[in-house]
Ligand SMILES: *[C@@H]1O[C@H](CO)[C@@H](O)[C@H](O)[C@H]1NC(C)=O
Ligand SMILES: *[C@@H]1O[C@H](CO)[C@@H](O)[C@H](O)[C@H]1NC(C)=O
Ligand SMILES: *[C@@H]1O[C@H](CO)[C@@H](O)[C@H](O)[C@H]1NC(C)=O
Ligand SMILES: *[C@@H]1O[C@H](CO)[C@@H](O)[C@H](O)[C@H]1NC(C)=O
Ligand SMILES: *[C@@H]1O[C@H](CO)[C@@H](O)[C@H](O)[C@H]1NC(C)=O
Ligand SMILES: *[C@@H]1O[C@H](CO)[C@@H](O)[C@H](O)[C@H]1NC(C)=O
Ligand SMILES: *[C@@H]1O[C@H](CO)[C@@H](O)[C@H](O)[C@H]1NC(C)=O
């Protein structure tokens, strides 16, 4: 049911409140939302050449970084340093995917892994707002120049082979990520978006298909049980010191030029952990990820970085830190999806919980701590006045 309109004087009060809150954004928001900004105050590290990406994926191989991103045929870029500059070296697919779902020429959210000399690139085919989706996989043995082989779909939801089997009847086959159980060597595919959020499936040993496709041993990893819209997607899984970390993006990813969400409901990067690759996962406050939990690691900050998400983690070693990478919008550049840039920061851990740290070449950003892009604030005020006078 739609609430009836407040009385005129109440409308004026609401407007006054919005204006005051907007003018003083740092202090007037509830604890959950203000925590977003308190915990994330690091500007992304350099991105020479301003590489534009959506849902980046990066692997380190033979001393070079290889970046895969959502885009026509899955573009591949290469750099010798995370700071860039990045040069395009090819695409994963020759043309359209062999899967007949979504936009076959424009896959989303690739995740590439290396196993025994072969590279596996899991990619997504879908369209906005639809559960008719598929995760496909392509392989190659060398990243520079050699052609990839497209093996087609690993899973389908909504439509296509296997889509009538639970949990493909209730989930959305997008945003693949990958993890190997450190004690058993078994590999898993994580996926999901909105609907029933993020899920995990055991992969067959060939990594090209799932185990038991007629009755998969599926596990749900995250869920927002109390919200009608369940904006969690783009999972990633990492392993460090006995813990599996499930990372995901929470909130609105795209189409900000058509409207901004309530502050804090734009993309932010969240995490939970478990000693078991299959969960259950909990956040820093002990809340289950199946019950809406997820600790914020990185989010909009300084009034410059907006809606970071589409993440991955590049594992460090004894001498190099882990790296969190993502895409974000720079509020001085623009809010079109195509304006999204590559961002990255070094990670450190406290009691086994990751946090973003300063790193090389940090430019001292004098940031006025305005927090909100001005156009967002203006949009709210404008709509409030329209509402008063309508
Ligand atoms: C590794 O990188 C070096 C230097 O870029 C190159 O000469 C060599 O061919 C590469 N090796 C492989 C196996 O790709
Ligand atoms: C990347 O570039 C930065 C800045 O020039 C430099 O400090 C760093 O050592 C480089 N890293 C590698 C792995 O070459
Ligand atoms: C598929 O994606 C391409 C590239 O973004 C776009 O040009 C094309 O219009 C899309 N096709 C459909 C049917 O949406
Ligand atoms: C488990 O992790 C350790 C250290 O990260 C590694 O040396 C070992 O090979 C891993 N085992 C498996 C089965 O992946
Ligand atoms: C750690 O990783 C860096 C590359 O990021 C590599 O140069 C170095 O050799 C690695 N160190 C160890 C101990 O594996
Ligand atoms: C945002 O873009 C402006 C203008 O190009 C640039 O000066 C600034 O460094 C960028 N900030 C971030 C965090 O990308
Ligand atoms: C990482 O965090 C720990 C606290 O957990 C701190 O003692 C250490 O100095 C930090 N290391 C770096 C490189 O920031």
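Glycine residues also receive a Cβ, built from the backbone N, Cα and C atoms like all the rest.
TrEMBL has this to say about the protein:
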type     : residues : note
SIGNAL   : 1-23     : signal peptide
ACT_SITE : 55       : active site, proton acceptor
ACT_SITE : 233      : active site, proton donor
TRANSMEM : 370-389  : transmembrane segment
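The two recorded residues, the residue listed as 'active site, proton donor' and residue 55 (active site, proton acceptor), have Cα atoms 11 Å apart. Listed in sequence order, 69, 70, 108, 109, 110, 175, 234, 310, 327 are the same-chain residues at least 6 apart in sequence whose CB falls under 8 Å from the CB of residue 55 (active site, proton acceptor). In the structure as shown, the Cβ atom of residue 233 (active site, proton donor) sits within 10 Å of 26 other Cβ atoms.
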